[in-house]
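For reference, TrEMBL has these:
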DOMAIN    A:15-131  domain 'Thiamine pyrophosphate enzyme N-terminal TPP-binding'
DOMAIN    A:205-339  domain 'Thiamine pyrophosphate enzyme central'
DOMAIN    A:397-545  domain 'Thiamine pyrophosphate enzyme TPP-binding'
Amino acid sequence: MKAQASAEQQTAAKTGADLLVEAMIAQGVETLFGYPGGAVLPIYDAIYRAEGSFDHILPRHEQGAIHAAEGYARVSGKAGVVIGTSGPGATNLVTGIADAMMDSIPLVIFTGQVAKGVIGTDAFQESDIMGITTPITKHNYQVQEIEDLPRIVNEAFHIATTGRPGPVVVDIPKDISSTVHEKQVDSEFHLPGYQPTVKPNPLQINKLHDALVEAKKPVVLSGSGVIHAGASEELKTFVQNYQLPVTTTLLGLGSYPGSCDLSLGMAGMHGTYSANTALYECDLLINIGSRFDDRLTGNLKHFAPNATIAHIDIDPAEIGKNIPTQIPIVSDARAALVSLNEKPVKGLDHKGWMEAISQNKVDYPLWHDLPEEAIVPQWLMQKVYEYTDGKAVVTTDVGQHQMWAAQYYHFDRPNRWVTSGGLGTMGYGFPAAIGAQLADMDSTCVAVVGDGGFQMTMQELSVLQERKLPVKVLIVNNQALGMVRQWQETFYSERYSESIIDVQPDFVKLAESYQIAGYKMETQEELLEVLPEVLADDQPAVIDCRVLQKENVYPMIAPGKGLHEMIGVKR
Amino acid sequence: MRRIVTATVHNRSGVLNRVTGLLAKRQFNIESISVGRTETEGVSKMTFVVEVEDDRKLEQLTKQLNKQIEVLKVSDITDKAIVARELAMVKVISNPQIRSEIQGIIEPFRASIIDVSKESVTVQVTGKSDKVDALIDLLRPYGIKELARTGLTAFTRGHQPQVAEFKSYSLLK
Ligand SMILES: Cc1ncc(C[n+]2csc(CCOP(=O)(O)OP(=O)(O)O)c2C)c(N)n1
Ligand SMILES: [Mg+2]
């Protein structure tokens with residue numbers, strides 16, 4: 001009897017949308033970020049009927065949904081799941097999809113589509129989202145048959161989260177999600193064209209080990225591949241074993257403890273002198289999970305000119321793409337580090353190198369002015385670090401404040417730093433904080449945003465209000481598109497074209513209109529008084545922190561220049 | 001340098017768009033692409049003739065192609081022993097008087113006339129790309145009204161000689 005009942009249940013009539021919901025539950029999806037509309041009505045109906053299965057977050061713009069999903073993915077390590085309707089719903093997601101592609105963020109995005117019969121007729125709210133997203137997704141699907149749906153959902157999660165992670169779009173025509181289907185469907189998949197290499201070639205590991213024990217000036221460059229692979233512990237062991245200096249990329253912050261002695265901080269355009277100099281002078285560069293982005297390397301001609309390059313990456317296409325590589329290792333970062341750590345440890349002959357590096361750290365630290373009263377952003381970041389004990393989840397928008405946060409907040413753990421690196425998407429920081437907070441309700445989550453970028457997605461304050469999410473929005477308010485202003489100052493003879501914006505909303509009143517506490521701080525004294533408490537409580541807050549407009553991010557490698565041509569190293 | 005690269009792909013909708021879009025996005029210079037089904041159901045083969053600057057660019061090309069989920073296998077077969085063919089149809093202006101002259105020209109190429117009208121003949125030629133080029137050059141003085149080429153398709157020969165045997169011999173110079 002029992003067997004019969006379950007067999008009946010299995011073949012009970014279900015819509016495509018029900019199959020989708022079931023598949024998501026089977027994938028362990030708990031949180032959805034989405035926005036309804038005509039083409040996803042059947043999906044929203046199925047979500048309604050599956051009451052209690054998901055926590056559905058409704059942003060006020062689809063861009064908010066997808067950045068929130070990215071923040072969620074960064075902090076939780078799981079795929080972020082997004083739903084948008086056809087046409088404008090889907091196109092509003094495009095920036096976030098491109099962002100996730102650049103930064104290897106695992107996302108599964110379900111878009112509604114007009115019914116199959118009218119695809120290609122310019123139907124109401126039809127857009128060719130397959131065509132639009134093909135170049136900015138790891139993979140995309142348009143579901144053609146209802147039987148394929150569960151399998152495609154499983155493939156999408158598999159592809160998004162394995163190998164080098166990335167966004168996968170699943171476009172679902174409305175007739176597929178609304179059609180009732182009675183047959184049992186198969187959700188098994190086989191992807192012969194997708195078999196990422198996760199284990200390193202032992203010969204290549206030997207080669208790297210040989211190079212390492214010979215090296216006089218080794219340095220490790222750690223990228224977000226280390227974070228994706230969950231390899232921070234293995235990295236620590238490796239680095240400790242050989243006493244190696246470590247620098248990270250912007251996205252790699254937290255992959256190795258930033259406050260540790262062997263850490264040189266971030267490298268690249270606004271990296272530290274010691275990090276960039278180590279990259280310039282090294283004789284062995286061990287890149288683990290970074291893609292040698294141009295903001296890191298500067299002029300390729302002057303990048304690690306005397307070094308043997310070893311590059312560990314799960315994506316073979318990244319190896320040799322920008323920098324000729326003598327020791328390529330296609331592998332998951334963790335697997336490679338485990339293999340390396342199995343090799344006999346030998347003390348290196350690199351005392352002189354380590355001393356020079358330490359001396360650089362002492363002689364050329366990050367610097368900034370500290371006026372009497374006014375708040376400078378670098379000092380602000382140090383205070384945030386101090387008051388949150390270095391333990392917060394920090395998200396940022398894009399601009400000067402992002403670089404200051406990267407320079408002054410030392411992340412000791414992975415998955416605490418949420419920023420838009422490759423695409424540099426303004427409007428990212430605040431919605432990303434919503435997702436980040438949802439992924440870790442126990443931590444303080446600070447969204448460090450610019451006055452410019454916050455205004456691109458600040459409508460998501462509604463979500464804080466609705467969910468009582470204790471995100472602290474810290475507006476580093478220089479009344480300017482600061483990074484643009486800095487470049488205009490430096491490279492365009494101070495012609496501040498469209499970058500000084502002194503007309504702004506009253507951010508305190510804005511917050512209050514969402515029933516969120518708003519604070520304004522203009523002096524150091526005010527900050528010292530207000531900030532510790534605001535950061536410590538469990539309520540959402542918007543903090544309008546007025547900072548000196550003319551501060552610049554230093555040091556800097558100007559575009560086209562090499563690692564050894566930094567400006568602003570000393571005041 | 002000019003290379004012949006083949007890719008076997010899962011024949012899903014959008015795969016051609018994905019592959020050509022990828023090549024365009026990464027600024028690869030494609031001379032021709034041909035696509036068709038293979039002996040295996042659901043699997044197609046693409047043959048690209050590409051112009052690349054150097055080995056690094058070529059490596060990127062094959063790696064980027066390989067990265068696509070539907071792409072099953074990518075091979076650069078330029079330096080292998082291969083059979084490579086292209087088909088071209090050339091509509092040449094001709095009156096009955098010069099038709100036999102054209103016939104004489106195309107014969108050594110083992111090309112054939114597949115359509116005749118009062119003012120023109122259409123010649124079909126199959127072979128390596130340089131052979132096709134050569135015939136087109138010879139027909140050009142008569143006036144070419146229309147020209148269509150399929151692009152090269154190729155695969156490796158059943159027997160692959162040792163490297164030394166064919167070092168000096170390349171199908172595409
Ligand atoms: C969507 C988008 N548009 C434009 C830019 C170019 N851009 C980079 S930084 C920046 C200024 C950001 O200003 P703000 O948010 O106030 O941050 P600040 O630099 O002042 O800290 C701009 C306009 C961008 N990165 N993203
Ligand atoms: Mg600003």
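Each Cβ is built from the backbone N, Cα and C atoms, and glycine gets one as well.
Keep in mind that what you see is a predicted model, and the values were worked out from it rather than measured.
Counting residue by residue with DSSP, the domain 'Thiamine pyrophosphate enzyme TPP-binding' (A:397-545) contains 67 helix, 27 strand, 55 coil. For the domain 'Thiamine pyrophosphate enzyme central' (A:205-339), the DSSP-based tally of helix, strand and coil residues reads 52 helix, 27 strand, 56 coil. On the 0 to 100 pLDDT scale, the domain 'Thiamine pyrophosphate enzyme TPP-binding' (A:397-545) averages 98 in the predicted structure.
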